[in-house]
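Taken straight from TrEMBL:
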REGION    1-50  region 'Disordered'
ACT_SITE  Asp177  active site
ACT_SITE  Cys180  active site, nucleophile
SITE      Glu365  site 'Linear diubiquitin binding'
ACT_SITE  His390  active site
Amino acid sequence: MTEPTSFSAGAEEKKESVPTQLMKHKKEVGVASEELGSANAAADQKEQTTSEIRQDCVYRSYGTHEKTDMIKFLVMDQDASKNCELYVPVSSNRSTVESSEESEEDMYRDEEEIEREKILLCGTNSSERKLSVSPEMDIMDYCRKEWRGNTPAAKRMRKGYEAVAQKFASIRRIRGDNYCAFRATLFQALSQATQLPMWMQSEDFTMLPENLLSKYDWIKQWQLRQKPGKRMGEISDEIKEYLILLRKKWKNISEIKGPFEKQEACDELFKNEEEEYSLYEALKFLMLNTAIELYNADKSGRRVPVFSWLLFARDTSSNPCQLMQNHLNHIGHSGGLEQVEMFLLAYALQYTIQVYRLYKYSTDEFITLYPNDPEEDWPVVTLITEDDRHYNIPVRMCQETML
C-alpha cells in the first residue's frame with residue numbers, strides 16, 4: 001500500500017527537495033499515557049494577503065507561512081514494489097508573500113482575528129455575516145478575478161483552473177478560518193449523501209467519548225473550540241451531543257431526494273455557526289479515534305496504511321496523545337490540516353478526498369487522492385487548493401464528464 005498517488009497533468013516539474021529514505025518503523029515504540037507531556041502551543045500566525053503563491057512554500061498546521069526545504073519520504077510498500085511520496089517541512093524561514101492590489105481580504109486568520117470579528121458581528125444581522133460557503137460562480141470568471149498578473153505563479157494557476165474547468169463549471173469559495181478543510185470536505189460529502197454511512201449507524205458511535213476516556217486518561221486534555229478552558233472529563237457529554245448532531249444532520253440530508261432541496265438544506269446548515277462548529281468538533285474527535293485505532297494496530301503487528309507511519313514519525317505526534325495535544329487541539333484555533341492529516345480525515349470519514357492542487361499543475365501531483373488506494377465503495381469528494389492550505393470546492397460537473 002502506498003501513499004499518496006497523483007495523476008499527471010503534463011510534464012513533471014522540478015522540485016527543490018531532498019530525497020531521503022524513511023527511517024525503519026520502530027516496533028518497540030510505546031509510551032505510557034501518564035508519561036506523555038504536553039507540547040508547546042502553536043506558533044503565532046502572521047496576517048497576510050496574497051493573490052500569488054510560491055511553489056516551494058508549504059504550511060504547517062500552526063498556520064504560519066514558511067519557505068522550506070522539503071524531505072521526500074520514499075516508502076517502499078511491503079507487498080507492491082512501489083514508492084510513495086509525501087512532503088513535510090524540515091527547516092523553516094519566514095518569507096514575505098507578494099500582495100496584489102486586487103487581492104481581497106485575507107482568508108487565513110489567527111484565533112485573535114476570528115474572535116475580534118465575532119465581537120464585531122454580535123450586533124450584525126445574520127444575513128450580513130460572512131458566508132461559510134459562498135454562492136457559486138463560473139470557475140473561469142473566478143480565476144480571471146483572482147489571477148490577473150503575468151508572473152509564473154499566475155500563469156500556472158490559470159492553466160490549473162482551465163484544467164479543472166474541463167470537469168466542473170463552477171466554484172464555491174470556502175470561508176478561511178482554519179476549518180476550511182473540514183468545511184469543504186463535509187459540505188461536499190453532505191451535498192452528495194444518499195444514505196447514512198454504516199459506521200455511523202453503530203450503537204457504539206455515540207459512545208466513543210465515554211469508551212475512549214475509560215481507556216485513555218490523557219484524553220481529558222481535549223479542548224473544545226467554544227470552551228478552551230474545559231477539559232474532556234467535563235465535556236464528554238458535549239462531544240457525544242456533537243456526534244449525535246452529525247449523525248442526525250447526515251441522515252436528514254441524505255434522505256432528501258431532490259438535488260435542489262438537498263443543496264438548499266446544506267446551505268442552510270452552513271449558515272448556522274453554532275451547529276457548524278459543533279460538527280467540526282465531532283470530525284476532530286473521529287480523527288483522534290481513527291489515529292488510536294491505527295496506532296494500536298501497528299503496535300500489535302497488523303498492517304496499516306503508510307500514511308500512519310508518517311503521521312507518527314513526526315516529532316510532534318509520535319503517539320496519539322501528542323497528536324491530540326500538538327495538532328488536533330489547535331485545528332481551527334491557530335492552524336488547519338497538514339497534508340498527512342488529510343489522509344487521517346479521509347480514513348475517519350471513509351471517503352476518498354480528491355484534490356486539485358493548482359500550484360502543482362503540469363506535475364504528477366496536480367490531482368492527489370487521500371488515500372491513494374481507498375476501498376471501492378468509498379464515495380469521492382472533490383476539493384481545490386492553490387497552496388495546500390486553503391480549500392475551495394468545484395461544483396456542477398460538466399455534462400460531458402458525467403456521461
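Numbers here mean position along the shown chain, with the first residue as 1.
Heads up, the Cβ atoms here are built off N, Cα and C, so glycines get one too.
From a predicted model like this one, the values you see are computed outputs, not experimental measurements.
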Fill in the blank from the handout: Whole-Å Cα distance, Glu365 (site 'Linear diubiquitin binding') to the residue listed as 'active site, nucleophile', is 21
Fill in the blank from the handout: Cβ contacts within 10 Å for the residue listed as 'active site, nucleophile', all chains included, total 25
Exercise for the section: Can you grab the distance from the residue listed as 'active site, nucleophile' over to His390 (active site)? Cα atoms, rounded to a whole Å. Expected result: 6
Exercise for the section: Rounded to the nearest Å, what's the C-alpha distance separating Asp177 (active site) and His390 (active site)? Just drop the number here, would you? Expected result: 9
